[in-house]
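> Take this structure first; my questions come after.
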């Protein structure tokens, strides 16, 4: 059975997304990219994020959706802004798709590299290796989104 998974790495400047398909025990990268969010008012940026997500859902159907949970930040303003983006993103996913999975950055790093304290570069290296890709994927927002999708695929495999 083929399973299509959307992985999302939410951010206030760029939102990485990745679509993988799990088929016959292998993960295949279908598409990956960025929803670019231009500097503007918070309301406009949230609207851009939601419109970008709408386009992804219009062009693809998914069996599963997984997003990264908010990480700790030292700046309270940053945390509040990210929380608003994540809230809008969560609502949009629930409206379009329904339930979704959430993973902390530590869970994603551990699932992909085996180390909860891995660097973004180590995650990117393992994503490339796990998918058998010949080229590096840039920027790291995209590799993070792929890692989130791979984490969810691995989690589903262990639940079955």
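Glycine residues also receive a Cβ, built from the backbone N, Cα and C atoms like all the rest.
Below, the features straight out of Swiss-Prot:
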- 9: active site (ACT_SITE)
- 9, 141: Mg(2+) 1 binding site (BINDING)
- 68: active site (ACT_SITE)
- 68: Mg(2+) 2 binding site (BINDING)
- 141: active site (ACT_SITE)
> When you measure from the Cβ of residue 141 (Mg(2+) 1 binding site), how many other Cβ atoms are you left with inside 10 Å?
23
> What's the CA-CA gap between residue 9 (active site) and residue 68 (active site) in angstrom, rounded?
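Distance (Cα to Cα, whole Å): 6 Å.
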> For residue 9 (active site), just give me the three-state DSSP call.
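The residue in question, residue 9 (active site), is strand (DSSP, three-state).
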> What number of additional C-beta atoms lies within 10 angstroms of the C-beta atom of residue 68 (active site)?
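A count of 23.
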> For residue 9 (active site), just count the other CB atoms lying within 10 A of its CB, please.
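Result for residue 9 (active site): 24 neighbouring Cβ atoms inside 10 Å.
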> Helix, strand or coil at residue 141 (Mg(2+) 1 binding site), per DSSP?
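Helix, per DSSP.
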> Could you find out if DSSP has residue 68 (active site) as helix, strand or coil?
strand
